[in-house]
Amino acid sequence: MEPTQSSSCGDGATLIGETSYPLKVTEDIWFGCCSCTYVTRDQREIVSHLSAHGDEQSKCQHPLMPGSEFQVLCNTRKHKSEKPYKCKLCPQTFAYNSLLTHHNRTHTGEKPFKCMQCPKTFTQSRSLIYHNQAHTSEKPFKCKLCPKEFACDSLLNYHIHLHTAEKPFKCKQCPKTFAKSSKLIYHNQMHTGEKLFKCNQCFKAFARNSQLTEHNRKHTGEKPFKCMQCPQAFSYNSSLRRHNRTHTGDNLFKCKRCALTFAESSKLIYHNQTHKGEKPFECKQCFKAFARNSQLTEHNRKHTGEKPFKCTQCPQAFSSNSSLQRHNRKHTGEKPFKCEQCPQAFSRNSLQSHSQMHTGEKPFKCKLCPLAFSHDSSLRRHNRTHTGEKPFKCKQCPQ
């Protein structure tokens with residue numbers, strides 16, 4: 001690609017001294033920093049990187065043209081697969097120091113690129129550039145499987161995995177798989193037990209700095225993620241995303257065996273275990289079994305009496321966060337899920353139960369008799385008529 005001499009920028013171009021180049025990622029041209037060893041194919045990244053050195057360096061940006069000493073080194077490494085830069089915390093190696101620098105942030109949790117319009121931070125300048133499009137509402141990447149649009153191609157690719165359920169990144173130590181390589185890196189820290197980031201207030205330790213930052217909000221009560229459609233605010237961006245679906249009614253993941261739909265693929269995976277009857281997690285005190293480890297953890301609190309989730313508006317406390325969230329709606333009066341067939345509004349689970357009154361649908365069938373039920377809880381109660389189980393004991397007499 002030949003540079004063109006120019007005194008002003010054309011479409012999609014920026015000035016480099018007196019020379020303009022298209023702002024894009026190239027295969028043949030590398031852009032290098034005059035002040036340090038940083039190199040990249042992405043001209044947007046070198047513009048951002050140079051600004052970190054200050055205005056004096058912003059004019060020294062130049063492409064490393066084919067045939068230059070560094071370009072020969074780049075091509076040599078590309079063909080030989082040479083990766084001289086080794087991570088000290090895991091076995092990964094890299095061809096360039098800049099790639100190692102980016103990778104190290106997955107271990108340290110460092111996110112030096114801060115958004116000026118919201119609390120989000122990023123490990124790479126490119127991610128911040130893409131994120132800024134969320135504020136401008138520019139979403140050029142469209143999903144072919146649903147109406148969703150995204151600010152960058154990496155978000156679209158990750159979203160497509162939700163449709164296909166494809167998880168190409170496999171853990172070598174357990175059967176778990178992941179849609180993103182970064183999630184696999186974080187997961188591997190569970191196996192190594194590495195927890196470098198400690199809370200100063202309760203001495204809990206975390207594998208990532210971002211986890212510690214999120215945890216600290218439990219102590220401070222900070223809720224930086226605000227809903228644009230109602231007064232609610234949240235400590236975590238993931239909580240805000242889940243909440244936003246209460247406004248949009250966006251449930252992408254449908255169960256193939258019953259009428260239930262879910263906003264997250266993980267919830268559908270857990271739900272499918274109720275159909276399979278798979279319950280690998282067993283309580284050591286009463287031998288009850290559960291489909292999920294989190295369910296066992298919540299169940300164990302019935303034995304210990306532990307109630308770590310406290311209401312900030314009244315003295316009540318709960319054994320699970322979901323119970324606290326349901327309780328909070330009594331204070332707020334919030335009923336975010338509206339029935340499409342009548343004027344009533346409900347919590348999510350109550351709406352699903354209510355909707356079956358309109359359809360007459362009874363997806364939960366007894367394996368021992370012809371009866372069927374609208375709700376899973378009704379089927380469980382019914383099953384006791386077959387098993388003779390009486391789990392509720394009187395505290396004042398043996399009955």
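The backbone N, Cα and C atoms fix where each Cβ goes, and this holds for glycine too.
Curation does not apply to TrEMBL; its annotations are automatic.
Features reported for this protein in TrEMBL:
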- 85-112: domain 'C2H2-type' (DOMAIN)
- 113-140: domain 'C2H2-type' (DOMAIN)
- 141-168: domain 'C2H2-type' (DOMAIN)
- 169-196: domain 'C2H2-type' (DOMAIN)
- 197-224: domain 'C2H2-type' (DOMAIN)
- 225-252: domain 'C2H2-type' (DOMAIN)
- 253-280: domain 'C2H2-type' (DOMAIN)
- 281-308: domain 'C2H2-type' (DOMAIN)
- 309-336: domain 'C2H2-type' (DOMAIN)
- 337-363: domain 'C2H2-type' (DOMAIN)
- 364-391: domain 'C2H2-type' (DOMAIN)
Find the average pLDDT over the domain 'C2H2-type' (364-391) in the predicted model and report it.
85
Per Cβ pairs under 8 Å, the stretch of 85-112, 141-168, 169-196, 225-252, 281-308 packing most closely against the domain 'C2H2-type' (337-363):
225-252
Looking only at the domain 'C2H2-type' (253-280), what are its DSSP counts of helix, strand and coil residues?
12 helix, 4 strand, 12 coil
Within the domain 'C2H2-type' (225-252), count helix residues (DSSP H, G, I), strand residues (E, B) and coil residues, in that order.
12 helix, 4 strand, 12 coil
Sequence-remote partners of the domain 'C2H2-type' (281-308) [C-beta within less than 8 Å, at least six residues beyond its ends]:
270, 273-274, 317-320
